[in-house]
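Novice: As listed in TrEMBL for this protein:
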{"type": "DOMAIN", "residues": "10-221", "note": "domain 'Porphobilinogen deaminase N-terminal'"}
{"type": "DOMAIN", "residues": "234-294", "note": "domain 'Porphobilinogen deaminase C-terminal'"}
Amino acid sequence: GENGVGSRVVRVGTRRSQLARIQTDSVVGMLCELYPDLRFEIVAMSTTGDKILDTALSKIGEKNLFTKELENALERNEVDLVVHSLKDLPTSLPLGFTIGAVCKRENPLDAVVFHPKNCGKTLSLLPEKSVIGTSSLRRAAQLKMKFPQLEFRDIRGNLNTRLKKLDEKEDFSAVILAAAGLKRMGWENRIGQLLSPEDCLYAVGQGALAVEVRAKDQEILNMVSALHDTDTVLCCIAERAFMKRLEGGCSVPVAVNTVLKDGQLYLTGAVYSLDGSDSLKETMQTGVNYSQQNEDGPNDDVQHVGITAKNVPSQAQDAAENLGVELASLLLSKGAKHILSVARQLNDA
């Protein structure tokens with residue numbers, strides 16, 4: 001092949017869950033179409049986040065819960081690339097790794113799946129004190145403010161497990177999940193309500209798939225870079241830069257909404273206290289309409305918050321990253337640090 005990988009077998013690492021497998025298969029499918037001469041082999045493994053199911057994600061306290069084992073395999077050369085949900089990847093990757101591709105984003109919104117007995121309802125129509133399952137501090141913080149009559153409780157496990165817990169027990173009236181995951185699993189018909197950004201801003205990177213590779217592995221990096229979707233890359237760089245400047249992670253409620261329209265990138269970002277009573281939210285925009293320059297040379301592989309996107313104009317990437325940093329700085333100047341550190345302390349306690 002002209003990308004230099006030739007006829008070797010390319011090994012693709014993934015988590016074992018059904019959704020992770022579906023996501024990995026979709027990426028491998030795209031690669032097979034682009035490189036019909038290559039053979040791809042999928043290597044599935046369990047991660048810490050898959051094994052610890054009795055603890056809230058935000059309490060386990062590790063940034064790379066769903067990625068560490070996969071990265072270890074990448075480091076030991078047991079796999080050549082790894083497919084992740086971008087929202088699982090920390091904004092600073094371990095040295096020697098990069099995100100070599102960000103695929104076209106699926107719908108990033110959050111969705112409500114109702115217990116069969118509440119079919120046809122919306123959150124506002126549920127009886128008072130109904131229990132809503134979510135493992136996300138971000139979702140809970142926003143929805144507690146919007147629906148104070150409801151109770152929010154932790155629910156863990158992969159998508160299959162969470163839906164089973166919802167359907168087979170009477171503990172939960174509904175659960176909140178990412179629309180993208182439900183759609184990829186073929187369970188779109190279970191979505192009872194899509195939460196608009198007015199109801200609930202989404203997680204950084206939600207709905208996008210990322211391909212992580214060894215930063216020095218030029219062959220594989222060149223191969224996967226064909227999967228980059230320019231609009232998704234720019235939105236996710238802005239979101240990740242916002243998160244990184246705030247030093248947010250799973251243990252604090254940070255949320256975003258990004259729109260790219262007519263060469264303008266609009267980023268809305270917000271931080272919340274755990275109960276949602278205290279929050280800051282702002283929107284900023286920047287122009288990202290740059291054409292690709294011939295940029296061969298030493299700055300060939302510049303990373304923007306962990307993403308290497310050779311085929312996306314670097315000036316546009318710079319603008320997106322600056323937008324995220326500036327929006328976060330604006331929130332910090334208005335007191336975001338205090339809201340987040342209180343949220344972190346309460347969560348740790």
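Cβ from N, Cα, C; glycine included.
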Novice: Using DSSP, break the domain 'Porphobilinogen deaminase C-terminal' (234-294) down into helix, strand and coil residues and give each count.
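Specialist: Going through the domain 'Porphobilinogen deaminase C-terminal' (234-294) residue by residue, I get 13 helix, 26 strand, 22 coil.
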Novice: Over the span of the domain 'Porphobilinogen deaminase N-terminal' (10-221), how high is the average pLDDT in this prediction?
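Specialist: On average, pLDDT over the domain 'Porphobilinogen deaminase N-terminal' (10-221) sits at 90.
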